[in-house]
2 protein chains.
Amino acid sequence: MAPRNVFYAQSGGVTAVINATACGVIETARGSRRLGKVYAGRNGIIGALREELIDTSKESKATIAGLRYTPAGAFGSCRYKLANADDNRREYERLIEVFKAHDIGYFFYNGGGDSQDTANKVAEFSQAQNFPITCIGIPKTVDNDLPLTDCCPGFGSVAKYVAVSTREAGLDVASMAESSTKVFVLEVMGRHAGWIAAAAGLAKDSRNDPPHIILFPEIPFVRKDFLKKVKETVNKVGHCVIVASEGAQYKDGTFVADAGAKDVFGHTQLGGVAPTLVDMVKAEHGFKCHWSVADYLQRAARHVASKVDVKQAYAVGKAAVEFALVGKNAVLPIIVRDKKSKRYRWHIEDAPLSKVANVEKPLPRSYITKDGYGITAKGRAYLAPLIEGEDHPPYRNGLPAYVSLKGSMVRKKLPSFEMDG
Amino acid sequence: MAPRNVFYAQSGGVTAVINATACGVIETARGSRRLGKVYAGRNGIIGALREELIDTSKESKATIAGLRYTPAGAFGSCRYKLANADDNRREYERLIEVFKAHDIGYFFYNGGGDSQDTANKVAEFSQAQNFPITCIGIPKTVDNDLPLTDCCPGFGSVAKYVAVSTREAGLDVASMAESSTKVFVLEVMGRHAGWIAAAAGLAKDSRNDPPHIILFPEIPFVRKDFLKKVKETVNKVGHCVIVASEGAQYKDGTFVADAGAKDVFGHTQLGGVAPTLVDMVKAEHGFKCHWSVADYLQRAARHVASKVDVKQAYAVGKAAVEFALVGKNAVLPIIVRDKKSKRYRWHIEDAPLSKVANVEKPLPRSYITKDGYGITAKGRAYLAPLIEGEDHPPYRNGLPAYVSLKGSMVRKKLPSFEMDG
């Protein structure tokens, strides 16, 4: 029997290291005679529905190796969640038609919780249809909110970016505080969980180091208490560095960012949590403030990636292919921390997709200090190893020499398809 | 005659490499028997007025060497401009008292245009008073707006940060554009001049690369034209990356950032140019947008500093001391580009302080494309060498191992002094 082809796709918000996972998948698949070509979905599952398949066999060895140090999704990602098969039979049937047309026997889906749900649905549907395809999820998310796995590839690098930026901006505001800026606010990602904001806490080596205040979505925001803490910090340290989750919220669930003023038409103003907090601090204390919103910069920052994260991202891609080769199905590789080792050690195991899909792992309360504004020793012990090591990309003309693909498309064999979404 | 002591201070907004200049000053001064100790002003000129002098001779060789890779102002900076001596005689007299009390014969002031003005005033006043002190300015500013010098230490590193971030975020939005974010806006510094925004243009290697639109303070913002360009770019490329100077402005001088809505009390809302542009794009085209405000992150980002910039920052510190030792006065070191060399080469010369103080160098129109949204080949030729080379700081536990000072203060000898500012 001729080896069957592999479908790989990237899904959801991209990261600094998701292409390292792609590199792990493709290099490992290329090394096996039992697998055919790796076709990558153009823009995730959308590429499968539209029969837009990138033929990775046309890419050079050097380009594929370069994916290891190239951020974002080289094949395009998507925000597209398949509905249940009962409500949306035609999309599932279309997937199977495309898989059949291109002799695809392996489905690798690289994403967060929603994507693992998609991978699981594809596995269930194809089993019910008796279509032989091996479905393997591959974890990825800067949010670090997947269950079972100790951490998620993508998180370590954003954590490192946030910790480094907090340290650097903290030195800046400390320099300026005597006669100018006294308060600095950095807004970071994390709509539902405070993992990323927590990582800023790694910048603090001693008591008066930044960050002085971290705002987590998990801890209800109390304006009066926050403003008091800012004042106390400025009095004691001379300045105050605040790292705020975009999802920081009041007890009733209103986002701090949404609680700002309305415009003349009654629309809530754009803003984000950083400028909203700065507005409060200025109004109450009159301190000069500066603020940053990291947004995409934080998750795309391959130039300051964590070496541990890059290794883990590659390893889950490699493991996914190895699982498929030994006949596992409807699973995903997870990262397991060796609890007994004093030094940080980890290895890969597998877990059932059904247990990962649509479950969010919150930041444990025990990682957050009692006052709600910092991280505990326990939180630090969890986070610190994940930002270990540097993995500088190559540079050319002063800029990271990220690779780009030829992106040769596989010739279509089917009529075009109208998506529902 | 015993060697006289040196006063060094940092002034204005700090940079990723101003401490590399301090390192150049201190290491060079330590190497000369003709100079005494280097006293650093705590928080710039304020430290001189208050007689708050940090004794750098108490710092180890390793700590001083570590300043080369530590961002921000290790001694504290200030935003404090001395008034003219006619209006403010007591502050100038106080400076001379402090210099006398501590046998200071050399005054090195490390800053931008305002600071060179201060250095020049101190030189003029002390000459008029027959107080023998050598005054040397040392250039520093991320804004790159000092005249005479080819570039300003601090600019190359912020330029590199902005170009790298634009490339990285550009890959991110390209990955997401098919089913999610189509427009990304990065707000960068530059209230009066577009040098920093221009540097983003270095990320563009080919026609469709980001940035697709750069907004310069020098080019009047026209909303209709901008929105048309965004639409055309999304249609052609699939997404659009915009880099906006914080100082982007309408023809009448109104900042784009200030033209947003008022709150219910009639106050202009906080915001910045990035969210304001996003508001426009969403309202007009309905595209999903993301935005970042780099703020302090860009100028503190020593982790991605330009090697050329670090070398130049060190070189101007070293040259300042050498100028003093050969008897130059009321000058500053400037960076001169060798126009005849095809490869980028530079050397240091001196220029009179009086010609630098309070003069701003705008971004030449010839560096900006005809349509006002990009940089020309000429602009690129000027900018490209300034971001060349990497100078990674050492890391410890996953974070840059920046140094901090003991900061031993010199014992005060004078009564305390009430500042005017």
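Positions of Cβ are set from backbone N, Cα and C atoms, glycine also.
Since the structure is predicted, the reported quantities are computational estimates derived from the model, not experimental observations.
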>> Record says A:T141, A:V142, A:D143, A:M189, A:G190, A:R191, A:Y296, A:L297, A:Q298, A:R299 bind substrate. Source is TrEMBL. Which of A:E93, A:E97, A:E232, A:E246 does it list for that same site?
In response: A:E246
> Closest to A:L297 (substrate binding site): which of the recorded positions A:G13, A:D114, A:K140, going by Cα position?
Replying inline: A:G13
> Same-chain residues six or more away whose CB lies under 8 A from the CB of A:D143 (substrate binding site)?
Replying inline: A:G112, A:C152, A:F155, A:M189, A:G190, A:H192, A:A193, A:W195, A:I196
>> Using CB atoms and a 10 A radius, I'd like the single residue among the binding-site residues A:G13, A:G190 with the highest neighbour count.
In response: A:G190
> For chain B, which of the binding-site residues A:G13, A:T141, A:R299 fall under 8 Å by Cβ?
Replying inline: A:G13, A:R299
> How many Å separate the Cα atoms of A:D114 (site 'Important for catalytic activity and substrate specificity') and A:K140 (site 'Important for catalytic activity')?
Replying inline: 11
> Looking only at the domain 'Phosphofructokinase' (A:7-323), what is the mean pLDDT?
Replying inline: 94
> How far apart, in Å, are the two Cα atoms that lie farthest from each other among A:T141, A:V142, A:D143, A:M189, A:G190, A:R191, A:E246, A:Y296, A:L297, A:Q298, A:R299, the residues recorded as binding substrate?
Replying inline: 16
> Cα-Cα separation of A:R299 (substrate binding site) and A:K140 (site 'Important for catalytic activity'), in Å?
Replying inline: 12
>> I'd like the Cβ neighbour count for A:R299 (substrate binding site), meaning other Cβ atoms within 10 Å of its Cβ, all protein chains included.
In response: 30
> Where A:E246 (substrate binding site) and A:G13 (diphosphate binding site) are concerned, what is their Cα separation in Å, rounded?
Replying inline: 16
